[in-house]
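Q: Shown below is the structure under consideration.
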């Protein structure tokens, strides 16, 4: 639907193309610009769509030809009414003052006009007069104060540079009121004209030469008087205007003083439009003299260049010139990356500063399919990028040549260097933060990466770890803002075979980070000394190890080292777990040198390792040794039991279930003596065959909280998050038993009627196991256990636990509907001191799930992203917000194709809310994303 916008403040020199250039990038149909003019300089613009009109309204306050314009919503009715009103005003003005255009053919003036002029002998030839007749008639009527002849012939033959206002009704209306005292103005020296008997012989007078003054014309007898005009007080006589140069076409009578509002002489032979001669009042007279030589201001070479950022990689020089259509582009230089491909940035040189000024107005406009940023640039940037400079000698007004400006030495003035070297804390500084540097990176590599940019001496800082290798972080400070912006443009360019992330950072933030890195090194050295002095101290309790699960079974030590690239770790500190046959278990253990490095490894959680998402959990050294002795079994989606080292249930030793634990005292010999199945051991990895997963709750403390409820499917809208797979470890119940599902199954679901293990139909359990059947008293355990279970699950009379094992371990509670405990610990209402009424909920930090009003991580949904978007691009989009490392999850459909959606977890609800408010409808690539 077409939308009409009303524009006010349009200068008189602007045309439809200027308006279209102002709204470049928006769709305006042909014939959609209507200039009305008037006192407010109005125009109406018709946009094709509502979106174009909305974007157009955002440009209110911009400038067209140096004049600020205002945009208002309008309608077609208002536009038509204003156009009709303007047309009527124009027609009325034409009726009052017919134009005396010599080149226009048409009928002679109306009888009313000839009656007012009352010149029957000259009116017939007035429609198409020759230049000589016009001159003669003008001179004759001027000397006899013939007002109408002056207002038509002189206006009709006015030079074109006088503008439209010179012949407007308002301009002509002043002539009758000021022409009567013209006899007081001394004309140029003209000899007296001989008396003529009457006017009829005038056509027979031979033409008089054009050049003024006219020396031979005789005086004309008086003409019949014209109706009286209101008298005007006599004006001060003007000085003789003999010094005024002749006009072309021939001059008419000298302008009276009341016409320009001041008694100062006004030169009409200049190229300025008289509508822009300033306020028309005697208080502010305009002194204009063509003979005065005004020296033009020197042109700063830096005013000719602009920098363009964010262009499409496929953009060519012609696309850049089309983007700046209507402006005089001198040259275009597209910047390349290290392999010669366009990096989306470029420099453009214009012929004049005016073109540069207009080009800067096109910031954030559309080039092909991307919004580009246009910012000022310098000649030094142009030269550094490989652009050529042609020095042209400037011609001054007197014809003297001026040498080309010396720009390069100026940029390296001593004062500038002195300012750049200042280490004042009040200085903002132009610093960048580098991430992803190669481990062997040195200062020379950084200088080569930022080649041709002015770097402050001794400002390159590369962070090194305790092993003496680079950690991949670095800082650089530049001398000026132009080089600083150019450095930011090299974000994600390659240094060697690694792309470098270049992020802006304040000088204060840079110094704080450097100080933090140095303190970390000092603390590490102190920790090393303490470890040497007290090797058995608190080392075992420090979480300096990582347990990596859900990795391919064919993983090698080198694959793990490459996965941990950027974190200092010794090759001997990596252990890939294997079974008795030497086959990989899909797990690895890594021992780091300090807790900081171990915490860094958590950032790699759910990152791809040889095509699979690796789960990284930080554990203590004691836990690592325990895992080495009894590695937990792993299925398709990772561990089925929590890793050791998590909070144990009070009163439950860490034996039967690592991290949650069944008391080994309650299960002597790791078996159930009264089951009737000798040798059917329940291993420490879990209760295989009894429907209990061996590691269903990773780390039991919310280590998997970010994606327990949010997987590849969107939250609350997809299938339940299951833990399919087999139960590793030794068991006597035959083949592995898949655990029940989490979302809709009986895994802590609090739904009665779960089938017993004996007759559940699970593989390897074809017979009704004594003690696990449906009888009420088949299993008699110690006094701490309640009555015999009727169903080994959530049914009545479920397997009881020791006293105090009522409502689950403290601190593991969560909102209803979250991951519950194993089936044996479900909410069975059995008699005795059995399990309590509530399920054991294993969830993330408080407030992470649907419970409201609690601080904690919050997940938002991102939609309408490009299908080719990567996790790094999503993290760059949320740069500056506290995103939980490794929490970005892309969504795929059933065919494995990306859907353009993702889930991102933030460290707090406030951060997530701020991200939604600030970044909603912002573009990633060429598409605007939606945040929920």
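Every residue gets a Cβ built from N, Cα and C, even glycine.
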Q: Choose the correct range: of 359-391, 392-424, 425-457, which one does Swiss-Prot annotate as region 'Disordered'? Give that range.
A: 392-424
Q: Which residue range, 37-56, 57-76, 77-96, 97-116, is the one Swiss-Prot calls region 'Disordered'?
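A: Region 'Disordered', as annotated by Swiss-Prot, spans 97-116.
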Q: Count the other Cβ atoms sitting within 10 Å of the Cβ of residue 352 (phosphoserine), across every protein chain shown.
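A: That number is 14.
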Q: Work out, from DSSP, the number of helix, strand and coil residues along the domain 'RRM 3' (856-932).
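A: Each residue of the domain 'RRM 3' (856-932) counted once, the result is 18 helix, 26 strand, 33 coil.
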Q: Which residue counts does DSSP yield for the domain 'RRM 1' (304-379) in the helix, strand and coil classes, in that order?
A: 17 helix, 32 strand, 27 coil
Q: What's the CA-CA gap between residue 352 (phosphoserine) and residue 375 (phosphoserine) in angstrom, rounded?
A: 16
Q: Per DSSP, how many helix, strand and coil residues does the domain 'RRM 2' (430-507) have?
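A: Grouping H, G, I as helix and E, B as strand yields 16 helix, 31 strand, 31 coil.
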Q: Write out the long-range same-chain contacts of residue 375 (phosphoserine), meaning residues 6 or more apart in sequence whose Cβ is under 8 Å from its Cβ.
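A: Looking at Cβ-Cβ distances below 8 Å from residue 375 (phosphoserine), excluding near sequence neighbours, one finds 306, 307, 309, 360, 363, 485.
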